[in-house]
Amino acid sequence: MRLVKQEYVLDGLDCSNCARKIENGVKGIKGINGCAVNFAASTLTVSADGKEEQWVTNKVEKKVKSIDPHVTVRQKHIKKSADDGYRNRMVNMLIRMAAAVILGAAAYLVQSGTIEFFLFLGAYLIIGGDIIIRAVKNIIRGQVFDEHFLMALATIGAFLIQQYPEGVAVMLFYQIGELFQGAAVSRSRKSISALMDIRPDYANLKTKNGIEQVSSEDVQTGDIIVVNPGESIPLDGKVVQGSAMVDTSALTGESVPRKAAEGQDVMSGFINQNGVLHIEVTKGYQESAVSKILDLVQNASSRKARTENFITKFAKYYTPAVVIIAVLLAFVPPLVLSGAALSDWVYRALIFLVISCPCALVVSIPLGFFGGIGAASKAGVLVKGSNYLEALNQVKYAVFDKTGTLTKGSFEVTEIKPAEGFTKDRLLEAAAYAELHSQHPIAESVRKAYGKMLSSDEIESYEEISGHGIFAKVNGTEILAGNKKLMEREQIEDVPDENAGTIVHVAVDQRYAGAIIIADEIKEDAAQAVADLKSLGIKQTAMLTGDSKQTGEAVGKQLGIGEVYAELLPQDKVAQVEALEAKLLPSEKLIFVGDGINDTPVLARADIGVAMGGLGSDAAVEAADIVLMTDQPSKIAEAIRIAKRTRRIVWQNIGFALGVKAIFLILGAFGIATMWEAVFSDVGVTLLAVANAMRVMRLKNK
């Protein structure tokens, strides 16, 4: 069955509570099996099996309109200026505010109580009529406890106890606050979008008629594009002419440019700093690095952090609870306390209603996490969900694969040790034929060391033995090449113990032929990566390798790794990770870092799987929870630092918002605070929380 996946922009979505309602509403549409609203990015992603795209769009538009008529659904590829809508709303609100202020001022000047009432009522309806209408519509739909209902109830209550000026003023300042909040959220969204907006706008396509500027989506695989100095490379490809220094920071987070010359691969998103590059396109727009990165980051909102889910549930119960307390506060004290005036206690209850809206939390928390994901992507770390970003704070066990992760994986033959009766050339030739069809870096190093032509026609049979090595029959000669386990399995005698490097043992016709010693260089930042993790509170580090125990322990000792598990088959690595996870407390997490070549099962099994080396292996990217765009293990510590900053800022907002609300609830209950102060505190807390949430993007990584 065909899966339809559509992404929409929700123009006018400035209410996080509305975002939650839209997500739940669209999820309830029959035929739609997946939905996620990203409030921070104003996007809605929907998936449906076996449905036409237009059917999905019509259903979504109808449902969104029924939930919030002010939100317009737009397909993502259709461009629209968001500023125009906001500017129109602002002008409209300023006119209404001016009219309300004039009527309110006139009410103070008249002597008649009736005229005063109608002037204040007119001012109230001008400034708050839309809030009343939305509250009534939501009540009809069964959506009672939202900010519109609370403000309508509080201000109408003020009119009922003849506090006309405060009823108008509270609605006026609430609308001003909404305007500022909308501006703050809009600015935050633009900041995050700008941070991640690495998609080139156009491509210079080389045609028979010269160079034509076209959309990147219109370029086909095999086309030649021209990238001038200062331009961004629009599509993945291979340089066929020219050379230049390219800035890769948008993808990798690395500030040092690297050279791109003829024959080298380049990725979309790289910026040409000098020279002119002619590039043959190797991947279409949807398969390019930039598209994959943006897709990963923007879809991260569908995997919400536990804190986000907690705040959503908290808001669901917090608002009704405060309303119930407000009702009790209004009517119980006058019944049990002698001399207590009903109007005084109703006024105090109205303060409860004003302060009960949890906007500061439900707006700033998603922005904080999305900002953290954006900051991580700018540093070359792609986090697939805010749940994984939050989980990085709980990591206590860091487990690394060795080859290609902590070492460069660029093997070189350093020594050839033939057994008695064999020459170095004969030993190397036998190993090269055995490794002819293998794609493993060790096999490539053996073939490179042999350096002569190899004919696959001479190979009569070939078998890769997982975790052991290779069996090949060449011109009637049986060759075994692999580790010591392979020699033991095939009962090869006289196999010596070798301690240095990675060893390929070779046997010819069941007779031991010798050993080839291969060295793998440790990455420059590997030791620092392990040290940084320990400084961040990681309790234990471990390394998994299929190499010999001596080789593994030598690398582990050099890097300061606590535990080394060697001579592991691919399936043994999964079992070992499970055994390590069993040692952890329920609140602790294990992170596994692999290079993505053969680590897919372990990446999928670990609490947090991290694939290194960018988007090269689709299977690894699919299985991993976090993708590093470079081959630097030190990026792990950087990701954890960003995660810790994000958590710190999110909990600052939670503590600040709840603290201020608690103070004003107490002050309101004792009759110390006024409705004016309550609405100022509510608006102020929200604006400060949004501003604080964006700090995560401005903090420099150390």
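Cβ atoms are placed via backbone N, Cα and C, with glycine included.
Taken verbatim from Swiss-Prot:
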| type | residues | note |
| --- | --- | --- |
| ACT_SITE | ASP401 | active site, 4-aspartylphosphate intermediate |
| BINDING | CYS15, CYS18 | Co(2+) binding site |
| BINDING | CYS15, CYS18 | Cd(2+) binding site |
| BINDING | CYS15, CYS18 | Zn(2+) binding site |
| BINDING | ASP595, ASP599 | Mg(2+) binding site |
| DOMAIN | 4-72 | domain 'HMA' |
| TOPO_DOM | 1-86 | topological domain 'Cytoplasmic' |
| TOPO_DOM | 108-116 | topological domain 'Extracellular' |
| TOPO_DOM | 137-143 | topological domain 'Cytoplasmic' |
| TOPO_DOM | 187-320 | topological domain 'Cytoplasmic' |
| TOPO_DOM | 340-345 | topological domain 'Extracellular' |
| TOPO_DOM | 364-648 | topological domain 'Cytoplasmic' |
| TOPO_DOM | 671-678 | topological domain 'Extracellular' |
| TOPO_DOM | 695-702 | topological domain 'Cytoplasmic' |
| TRANSMEM | 87-107 | transmembrane segment |
| TRANSMEM | 117-136 | transmembrane segment |
| TRANSMEM | 144-163 | transmembrane segment |
| TRANSMEM | 167-186 | transmembrane segment |
| TRANSMEM | 321-339 | transmembrane segment |
| TRANSMEM | 346-363 | transmembrane segment |
| TRANSMEM | 649-670 | transmembrane segment |
| TRANSMEM | 679-694 | transmembrane segment |
Ask   = Any idea what the Cα distance is from the residue listed as 'active site, 4-aspartylphosphate intermediate' over to ASP595 (Mg(2+) binding site), rounded to a whole Å?
value = 7
Key: Segment proximity, the transmembrane segment (117-136) to the transmembrane segment (679-694), 3 or more C-beta pairs under 8 Å   = no
Inquiry  = Counting only residues 6+ away in sequence within the same chain, which have a CB under 8 Å from the CB of CYS18 (Co(2+) binding site)?
reply    = ILE67, ASP68, VAL71
Query = In the topological domain 'Cytoplasmic' (187-320), how many residues does DSSP put in helix, strand and coil?
reply = 49 helix, 36 strand, 49 coil
Inquiry  = Is it the case that the transmembrane segment (346-363) and the transmembrane segment (144-163) touch, counting contact as three or more CB pairs under 8 Å in which the residues of each pair are 6 or more positions apart?
reply    = yes
Ask   = Which is it, of ASP401, ASP595, ASP599: the one of these recorded positions whose Cβ has the most other Cβ atoms within 10 Å?
value = ASP599
Message = Under a three-state reading of DSSP, tell me whether the residue listed as 'active site, 4-aspartylphosphate intermediate' is helix, strand or coil.
response = strand
Query = With an 8 Å cut-off on Cβ pairs and a sequence gap of 6 or more, do the transmembrane segment (87-107) and the transmembrane segment (144-163) reach 3 or more such pairs?
reply = no
Query = DSSP on ASP599 (Mg(2+) binding site), three-state: which is it?
reply = coil
Inquiry  = Under 8 Å between C-beta atoms and at least six residues away from its ends: which parts of the chain pack against the transmembrane segment (144-163)?
reply    = 15, 17, 120-121, 124, 128, 131-132, 134-135, 138, 170-171, 174, 319-320, 323, 343, 346-347, 349-350, 353-354, 356-357, 359, 675
